[in-house]
């Protein structure tokens, strides 16, 4: 049977781009058998043609993005450059020509997604973006098609491999954050500048895209409460373990009874009996709670060259055979077809809490702390007192860990402000959230 050629313009040939090239070459015969299509790379747009040609000369490199995108022999454009510029201009150019775009650019979609989806719709094109949220995990396909009959009530996931590597090392080896980060950088799991990852912003951008689809709403990064892992201390990893928990950076989206969304990214205590507690190293996992399906877990490598390339090529195939264009045309689930999300303010979000206080070793301390918590309507679930140690000034201090029943964020923050002002408290208190799945979302 005669194969139909699909011309591709590849924007960017870094780690992910070279993975896409490798996968298309290695699996050319397999893809042809499965689709009756021949995927032909017509242009590879890079900044420095000479540099790339010296490394891999058998590719059609060019620095002229406009000419490559405009080429009539190109049917689909793949953008794996990352960042805002010049990726935004290139994507807009392709969409205006009616050419579908496959992209892994989460930051650009989180910032400009509604505009780009609207532009694609206006010109009869589409955008495929599976690789932008979960690496090789097919979570976009699951939410937009496989779970289309479900009302999604919650998403809870580990969506940043860098942070998960760091937290895994801290938990298993007893390392400090800086020790774990240095090791992650040596192994290639963390960038030289890891700020986007460790600040929680990378996870928040992914959550914005996922929750926008799941709840049919426009969600921006600014709608999400964000805390990273850089301030996490090894003592809290240990104390959490003593209580039967591990600490993970979770991205959480919950639909409230009144329809508002509670959106947050932060270090969270997860029960050791929870499946998410077992997700280690560079692996990601996303729990989805649908009213009909119940709990479903999507697990796999969330980053890396070949897992991400796998998602990009899957989107390429689904676009070429017409699945993505048809879904984009028929399903009203994309950001341009949605209203802005109604957001539950961060101080109204309820959770259980882990509090660690560093107090003087003297009578009456817990009475004063309990009184403050009680004034704010916060009920104590458990108290764990550790051995007396000395602080930097030689003052005997006692680390006290308190877990609470469910309470509002605003009340907890207000109580900690009062507690930290007590003369018996020697250091700022540590506050982390606790999540108990699946009961909390069942």
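Cβ atoms here come from the backbone N, Cα and C positions, even for glycine.
TrEMBL: automatically predicted annotations, no manual curation.
Residues annotated as NADP(+) binding site in TrEMBL: 11, 12, 13, 14, 15, 16, 17, 18. DSSP assigns residue 14 (NADP(+) binding site) to coil in the three-state reduction, outside any helix or strand.
Positions annotated as NADPH binding site by TrEMBL: 106. Around residue 106 (NADPH binding site), taking its Cβ as the centre, 23 other Cβ atoms fall within 10 Å, counting all chains. DSSP gives residue 106 (NADPH binding site) a helix state.
Cβ neighbour count for residue 191 (L-homoserine binding site) (all protein chains, 10 Å cutoff from its Cβ): 13. Taken residue by residue with DSSP, residue 191 (L-homoserine binding site) is part of neither helix nor strand, so it is coil. Per TrEMBL, L-homoserine binding site is recorded for 191.
Positions annotated as domain 'ACT' by TrEMBL: 354-433.
With helix defined as DSSP H, G or I and strand as E or B, the domain 'ACT' (354-433) counts 23 helix, 35 strand, 22 coil. The average pLDDT for the domain 'ACT' (354-433) in the predicted structure is 91. Calculated from their C-alpha atoms, the gap between residue 16 (NADP(+) binding site) and residue 191 (L-homoserine binding site) amounts to 15 Å. Sequence-ordered, the extra residues of this chain that approach the NADP(+) site, with Cβ no more than 8 Å from the Cβ center of 11, 12, 13, 14, 15, 16, 17, 18, are 10, 19, 20, 80, 81. Listed in sequence order, the residues of the same chain lying 6 or more apart from residue 14 (NADP(+) binding site) and placing their CB within less than 8 Å of its CB are 80, 81, 82.
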